[in-house]
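Peer 1: From TrEMBL, for reference:
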COMPBIAS  75-85  compositional bias 'Basic and acidic residues'
COMPBIAS  86-96  compositional bias 'Low complexity'
COMPBIAS  446-466  compositional bias 'Polar residues'
DOMAIN    112-265  domain 'EamA'
REGION    1-43  region 'Disordered'
REGION    73-97  region 'Disordered'
REGION    439-466  region 'Disordered'
TRANSMEM  106-125  transmembrane segment
TRANSMEM  137-159  transmembrane segment
TRANSMEM  193-212  transmembrane segment
TRANSMEM  224-242  transmembrane segment
TRANSMEM  248-267  transmembrane segment
TRANSMEM  274-295  transmembrane segment
TRANSMEM  307-331  transmembrane segment
TRANSMEM  343-362  transmembrane segment
TRANSMEM  368-388  transmembrane segment
TRANSMEM  395-417  transmembrane segment
Amino acid sequence: MISTESVLDSGEQPCIRLEPLNSTHLPGKATPTGGSRAALMDSSPKVTANGVHDIEDRILRITGYYGYNPGYSSHRREDGSESHTETPGSETSTESRSYHSCTNTALKVLGGLLMVLCVSSSWVGTTQVVKLTFQSFSCPFFISWFSSNWNILFFPIYYSGHVVTTRDKQTPIQKFRECSKLFGEDGMTLKLFVKRTAPFSILWTLTNYLYLLALKKLTATDVSALYCCHKAFVFLLSWIVLKDRFMGVRIVAAIMAITGIVMMAYADGFHGDSFVGVALAVGSASTSALYKVLFKMFLGSANLGEVAHFLSTIGFFNLIFISCVPLILYFTKVEHWGSLSSLPWGYLCGLAGLWLVFNILVHVGVVLTYPILISIGTLLSVPGNAAVDVLKHEVIFSVVRLAATCIICLGFLLLLLPEEWDSVTLRFLATIADKKPEEHGEELTESSAHTRSRSRANGTVSIPLA
């Protein structure tokens with residue numbers, strides 16, 4: 001406590017004598033704040049030489065200053081070491097999260113660009129190997145059937161990658177049964193196998209067979225450009241059948257695709273192999289679009305394992321039920337290939353392998369990176385095939401064919417625009433429009449301030465006109 005009676009009686013100048021508080025606990029009474037009060041008194045700072053530090057702490061504690069803690073006096077606040085609590089851990093964690101997010105995005109983009117090159121290269125290679133195979137073996141349906149059988153390898157390749165990349169060590173049969181839930185809760189039965197697989201297998205075979213027939217009539221560049229029209233057909237079928245959102249820009253893209261098809265057919269005057277080749281390529285694009293729309297309608301959004309299971313199932317169906325078609329064509333001499341030893345197995349295996357790699361990259365790339373990049377990879381096969389046709393086969397393209405190809409490719413790019421592209425564009429333009437008046441207003445403010453400062457320096461005052 002502070003004592004002043006002896007000082008006043010002696011007549012001397014008053015001074016302050018400090019007495020330490022040994023305890024605040026009164027006998028027979030409980031402390032008002034319990035253990036926290038005792039801890040607060042134990043942690044109180046010691047008396048300094050001039051007593052200022054301890055006095056300030058006591059006054060703040062007695063008056064009940066809000067938020068006061070012992071030791072947070074002016075002397076502590078001057079240091080600033082305890083009054084401003086920093087959390088470097090939280091800042092570090094925030095920076096690390098943002099760093100990891102940027103790193104993952106960069107890796108995904110780089111992986112997508114690499115995937116674009118692989119998809120484009122595999123599709124260009126497939127198309128060019130088909131042209132080379134036709135020079136010594138002109139049996140398109142047999143080539144299509146042989147290449148489709150390689151889809152059986154899709155699920156074993158997926159399972160191998162699953163075992164390597166994950167810790168979940170399931171047996172192949174367990175993983176196969178898990179992925180077969182795509183056909184229903186009871187798994188795959190013989191009835192479901194035929195019912196679900198037959199239409200997709202037929203559409204798959206028709207797509208490949210018509211594509212190969214078109215390559216016998218047209219150049220690889222023309223066929224790959226016409227095949228890109230499948231994107232427009234997917235939009236039209238989804239809009240009609242699946243009731244997807246209507247988008248004016250995609251209608252424009254579909255009109256551009258149809259315009260390109262007509263121009264491509266008109267390039268040689270609507271007669272001869274050119275017109276038939278255009279019709280075959282458009283038929284291939286149409287069956288491909290129908291396959292994708294039906295897959296979305298009946299099977300929904302399947303994961304990668306279910307897609308691998310489904311493609312392998314298509315391969316089994318093709319091997320079991322469609323093997324009779326090449327035999328019928330062989331005995332009717334529609335496609336006669338001679339003895340098995342005379343077949344160009346090198347070209348056939350290379351073609352089937354490239355086709356399988358292309359399908360794997362398309363389905364895996366959609367999961368690992370952005371789907372738009374996979375579509376761009378398919379589009380880049382057009383200039384890739386054009387470069388090979390010009391440099392190796394010395395093909396000369398007419399102006400009409402070049403214009404038709406450019407129109408189809410431009411329509412394909414318009415179809416890649418997202419659904420909210422119009423609102424995003426309007427917000428971006430509105431942001432730019434709002435920034436210009438703000439910058440103009442800041443320039444006017446700076447100029448008026450400069451004018452006032454010059455007027456005050458000259459002893460005059462400028463009055464703005466209303």
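All residue numbers here begin at 1 and follow the chain in the order shown.
Using N, Cα and C of the backbone, Cβ positions are placed for all residues, glycine too.
Owing to the predicted nature of the structure, the values given are computational and were not obtained by experimental measurement.
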Peer 1: Six or more residues out from either end of the transmembrane segment (368-388), which same-chain residues have a Cβ under 8 Å from its Cβ atoms?
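Peer 2: Long-range Cβ neighbours of the transmembrane segment (368-388): 108-109, 111-113, 115-121, 123-124, 127-128, 219-221, 224-225, 228, 231, 361-362, 397, 405, 409, 412-413, 416.
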Peer 1: Taking a Cβ cut-off under 8 Å, which residues six or more beyond the ends of the transmembrane segment (274-295) line up next to it in the same chain?
Peer 2: 199-200, 203-204, 206-208, 210-211, 213-214, 216-218, 222-223, 226-231, 233-234, 236-238, 241-242, 261, 264-265, 267-268
Peer 1: To what whole number does the mean pLDDT across the domain 'EamA' (112-265) round?
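Peer 2: Mean pLDDT for the domain 'EamA' (112-265): 90.
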